[in-house]
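What follows is a set of notes on a single structure, which appears directly below.
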Amino acid sequence: MANQLRRLFSPSTTPASANPEQPQRVKALINHLFKIRDPDALVAAFNSASSAHPRFRAAHNIYSSAVRRLTAAGRPDSVRALLEHQKQFPDLRREGFALRLLSLYGTAKLPDDAVATFRQLPSLGCPRSVKSFNALLSACLDSKAFDLMADLFKQIPSEDPSISPSLLSYNILINALCEKPDLDAAFKTLDLIEANGFSPDLVSFNTLLNAFYSNDQVDNAEKVWSLMREKKIEPDTKSFNAKLRWLVSQGRVSEASEVVDSLRNNGPKPDAFSFQALIKGFCEDGKLEEAKRLFTELTESDFVPVHTTFQYLIPRLCDNDEIDLAFKICSESLTKKHFIDANTLQMLVNKLVEGSRMKEAKKLVELGRLNGCSRTNLRMP
């Protein structure tokens, strides 16, 4: 094994004119890393590969995958070892590489490390700008370090006059305040945006709409709609989806259906999330025929169904003894690589087995496995 790793990660001795860094070699390195299960071995192999091959360091997905796996394994020390190793490379002189590192600290829920790295950037030869500032704010948001983010939002621009918050910075702040939640402060940030020479955009308003509806603050949501009209900000489908989800949560399914009808006729057009919300409402309201009709419309409109759509629809079909339709929907959707969670599939597999439909049950298990369901979570009874 040690010899194999040395062969994989040692620099090629092929002359430079032969282009030693062939994409196939880097692809082989990446494929090997995906197979390593031990966190310490993964870090050692990853750091060797990143040292030996500049092309490897341009592969964003493998960085994200490695950090997610180490985080899931409960190894923040390994994440630190992996990301600290990257700071020696000349790639860091480009701010884009720094943005990636800051983002990965957020993925690993290590906001203090993100702050330390941001402060190190000048000494590492990397310029800082509002882009790296925003990446730091996003890392805090991903880590749910809301108070830390609020402090940094004030501190860093005062320490470094070259960094001035952008509209994106304020939108990240609004998002954090909504998640905290401190909805009053989030709403007041609109005034702060204008005081600093910007105008709130659709992202600003949609974030607030989602937060107010999610927290049953409908009066404040109406204030947001009013501001959007005043500032001539055209709502998009996401704006209406926030209201749709709230109407469904309140059992006001007929009103939710009217909203979708209005979107069909007047725009903006409903999307997969619009259909998902209304299908959920119909299922919970016992209107299975309407839910089935809407699912057909969803699939004919070329949208990929949101995975929770299956969680609402398939159990209702099973309860109504519509096993044929449930099987048809799941098998066709899995064939198209649409995600369906293992619990939903297992419920249908069990129903098929109860009806002695073993061939169909086995087919569903096979399709589920091909789409990422594990043998533990999806199996024949």
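Just so it is clear, glycine is given a Cβ too, placed from its N, Cα and C backbone atoms.
TrEMBL labels come from automatic prediction, so no person has curated them.
Under the heading region 'Disordered', TrEMBL lists 1-22.
Summarising the annotation, TrEMBL assigns compositional bias 'Polar residues' to 10-22.
Look at TrEMBL and you will find 166-200 (among others) tagged as repeat 'PPR'. Sorting the repeat 'PPR' (166-200) by DSSP state (H, G, I as helix; E, B as strand; all else coil) yields 26 helix, 0 strand, 9 coil.
Within the chain, the repeat 'PPR' (201-235) has long-range Cβ neighbours (under 8 A, six or more residues past its boundaries) at 167, 170-171, 174-175, 178, 181, 183, 186-187, 189-190, 193, 242-243, 245-246, 268. Per TrEMBL, the feature repeat 'PPR' maps to 201-235 (among others).
With a threshold of 8 Å between CB atoms, the same-chain residues lying at least 6 positions outside the repeat 'PPR' (236-270) that come near it are 202, 205-206, 209-210, 213-214, 216, 218, 221, 228, 277-278, 280-282, 284-285, 287, 290. Here TrEMBL flags 236-270 (among others) as repeat 'PPR'.
When the repeat 'PPR' (271-305) is classified with DSSP, helix, strand and coil residues number 26 helix, 0 strand, 9 coil. Summarising the annotation, TrEMBL assigns repeat 'PPR' to 271-305 (among others).
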Q.
Are there residues at least six beyond either end of the repeat 'PPR' (271-305) with Cβ under 8 Å to its Cβ atoms? List them, or say none.
A. 237-238, 240-241, 244-245, 247-248, 251, 253, 256-257, 260, 263, 312-313, 316-317, 320, 325, 329, 333, 336, 338
Q: Please work out the helix, strand and coil residue numbers for the repeat 'PPR' (236-270) from the DSSP assignment.
A: 27 helix, 0 strand, 8 coil
(Q) Can you work out the mean pLDDT of the predicted model over the repeat 'PPR' (271-305)? (A) 94
